[in-house]
């Protein structure tokens with residue numbers, strides 16, 4: 001498919017909520033897949049999820065700035081019109097100074113359009129500071145993978161009134177701090193709708209039901225390449241791992257049986 005999309009901006013993303021147009025967001029970690037996704041994704045997230053689904057670690061927290069910068073550059077090389085969102089890895093925004101320093105690296109060393117930061121009230125001041133410096137920020141609340149060790153696993157949010165109030169307060173505070181959008185993960189559907197209705201910026205869900213302003217999935221979950229773990233919310237549109245496995249097996253068999261390369265794939269003198 002030829003790409004005739006114009007480069008999407010922060011205003012384009014925000015206007016989609018105003019127009020009632022669902023936002024399509026997905027992850028990518030390399031140029032090859034980013035180039036394919038570019039034709040369909042409004043936002044491509046270079047997520048620290050790559051630590052699990054690309055580097056096969058057990059969690060996201062050991063992802064480094066060097067790793068995220070490398071993969072963000074790769075994605076930017078492949079996707080020329082999608083809005084590129086880079087994840088700030090665990091430990092890279094523990095205070096305003098380090099957050100500003102590391103966010104600047106994404107803007108100076110890659111072509112990222114914005115950064116994403118996990119955390120509620122404790123990171124509102126950091127989000128505000130980055131926005132004041134001209135760095136576009138997407139907040140991330142609800143289930144936060146970077147807190148998985150602290151919380152003893154991946155916990156669904158919005159199960160009681162106290163938690164619902166906290167999430168609502170966090171969303172409003174993040175909006176007021178200047179964030180252009182909010183990622184809401186692993187949150188009860190009805191609560192996600194309340195949050196989306198309570199703020200003017202887009203709320204993009206993952207595992208948070210349909211009543212938000214857009215959806216994001218990890219590409220290797222969506223296309224069936226990551227077989228170690230399948231989240232309940234991740235619909236598989238393809239059994240990619242099995243298709244690749246069959247193709248590689250066929251190639252290996254053809255080499256072993258001297259079927260490949262045939263004359264069709266050989267140079268003649």
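Every residue, even glycine, has its Cβ placed from backbone N, Cα and C.
Pulled from Swiss-Prot:
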| type | residues | note |
| --- | --- | --- |
| ACT_SITE | 185 | active site, proton acceptor |
| BINDING | 48, 87, 118 | Mg(2+) binding site |
| BINDING | 48, 49, 87, 116 | 3-methyl-2-oxobutanoate binding site |
Which one is closest to residue 185 (active site, proton acceptor) in space, judged by CA to CA distance, out of the binding-site residues 48, 49, 87, 116, 118? 118
Quick one: pull the CA-CA distance for residue 118 (Mg(2+) binding site) versus residue 49 (3-methyl-2-oxobutanoate binding site), whole Å only. 13
Cβ-centroid neighbourhood (8 Å) of the Mg(2+) site, 48, 87, 118 excluded: 47, 49, 60, 63, 88, 89, 90, 116, 117, 140, 145, 146
Residues 48, 49, 87, 116 [recorded 3-methyl-2-oxobutanoate binders]: greatest CA to CA distance in Å: 12
How far is it from residue 49 (3-methyl-2-oxobutanoate binding site) to residue 87 (Mg(2+) binding site), counting Cα to Cα, in Å? 9
Among 48, 87, 118 [binding-site residues], residue with fewest other Cβ within 10 Å: 118
Could you state the CA-to-CA distance between residue 87 (Mg(2+) binding site) and residue 116 (3-methyl-2-oxobutanoate binding site) to the nearest Å? 5
